[in-house]
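Chemist: Quick one: this structure, given as structure tokens, is what I'll be asking you about.
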Amino acid sequence: MTSLSWLRALDVADIAAITDLLAAAERADGNGGVSEDVRLTLRPGPVGGGVEHLVARAGSAVVGYAALGGTATERQAELVVHPDHRRRGVGTALVHALFATTSPVSLNIWAHGDTPAAAALATRNGFDRERVLLQLRRPLASVRPGDPDDLPRPIIPADVTIRAFEVGVDEEAWLAVNAEAFADHPEQGRWTLDDLRAREGEPWFDPAGFFLAERNGALLGFHWTKVHPQDPVPEHPAATDQPAGQPGPIGEVYVVGVASAAAGTGLGAALTIVGLRHLRDIGLASVMLYVDEDNARAVRLYTRLGFRRHAADVSYRRPARG
């Protein structure tokens, strides 16, 4: 018998059980099960950060988990079921509990991995496929045979300087440019100082890999890189033409943004190359990034820089019900 409960506060045991579930799903599926945003809310104490936590238990064991966030008019969720308890109605039970909480507003559910099982669950419950987030990759050695270094040198305008982010100094300027650059992005453009501070407190945060482009002291753009100690998605779907990832660290183009004053100048491409060269120079063999499938301009840029599809996450949407 599966029981469902909303957690109004998280204790160490809750977090350990959810983390163990996510680890089991990652081993089975080759992906993390939920996003970084959700993982950052798994902290002891009263539930906060705009995220609610739902667990499914079989006896005392946590066999399913859902995180619910979003806005008052557009809710967003992520859910995962333990590999040993799939095809037993746990996923459907979680979805129905989300319906009960979110109705009548619309609900988006992210599936990490573009799988037939996720698509079937979505279709059975009235969801439409709405958004695809691609994971692209490339090696940091040459991707062209015979070319020992196919990362071009970045072309930086003479009046633009590149420097590293300074904690305690650059947060407000960065948030302003980030909001401008991602004004139409459903997640990135809504970052707050708390969101930024949370990343600054993570073990992976390294300001030396967080590049800012300035003109006369004004921030024009940025490239924030990240290093994963272990590849978060080492296996790839058979439908892609990319080799499987390798155990060990991998770099990430975490986020690249350009202010409207510098749009169309090539600064975004230059900053991307600056970050790729940094990741290569610190000894990483490959790099990944996430980009919306319908962001044709960005996909073209990354394709020109040697990136290829490795995996995909899919958002399914159930419209508001009157």
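In case you wondered, yes, glycine gets a Cβ from its N, Cα and C as well.
Remember, it's a predicted structure, so these values are computed and weren't measured experimentally.
So Swiss-Prot lists the following for this protein:
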DOMAIN    5-150  domain 'N-acetyltransferase 1'
BINDING   LEU79, VAL80, VAL81, ARG87, ARG88, GLY89, VAL90, GLY91, THR92  acetyl-CoA 1 binding site
DOMAIN    160-322  domain 'N-acetyltransferase 2'
BINDING   VAL256, GLY257, VAL258, ASN295, ALA296, ARG297, ALA298, VAL299, ARG300  acetyl-CoA 2 binding site
Chemist: Of VAL90, VAL256, ALA296, the binding-site residues given in the record, which has the fewest other CB atoms within 10 A of its CB?
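Modeler: Sparsest of the binding-site residues VAL90, VAL256, ALA296 by Cβ contacts within 10 Å: ALA296.
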Chemist: State the Cα to Cα distance, in Å, between ARG88 (acetyl-CoA 1 binding site) and ALA296 (acetyl-CoA 2 binding site), rounded to an integer.
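Modeler: With distance taken Cα to Cα, ALA296 (acetyl-CoA 2 binding site) is 39 Å from ARG88 (acetyl-CoA 1 binding site).
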Chemist: Under the DSSP assignment, what numbers of helix, strand and coil residues are found in the domain 'N-acetyltransferase 1' (5-150)?
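Modeler: Grouping H, G, I as helix and E, B as strand yields 47 helix, 51 strand, 48 coil.
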Chemist: Using the structure shown, find which entry in LEU79, VAL81, VAL258, ALA298 (the binding-site residues) has the sparsest Cβ neighbourhood within 10 Å.
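Modeler: Relative to the other binding-site residues in LEU79, VAL81, VAL258, ALA298, ALA298 has the fewest Cβ atoms within 10 Å.
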Chemist: Return the average pLDDT for the domain 'N-acetyltransferase 2' (160-322) as a whole number.
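Modeler: A mean pLDDT of 90 is what the predicted model shows over the domain 'N-acetyltransferase 2' (160-322).
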Chemist: Rank aside, I only need the closest one: which of the binding-site residues LEU79, VAL81, VAL90 has its C-alpha nearest to that of ARG300 (acetyl-CoA 2 binding site)?
Modeler: LEU79
Chemist: Among ARG88, ARG300, the binding-site residues in question, whose Cβ has the most other Cβ atoms within 10 Å in this structure?
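Modeler: Answer returned by the neighbour count: ARG88.
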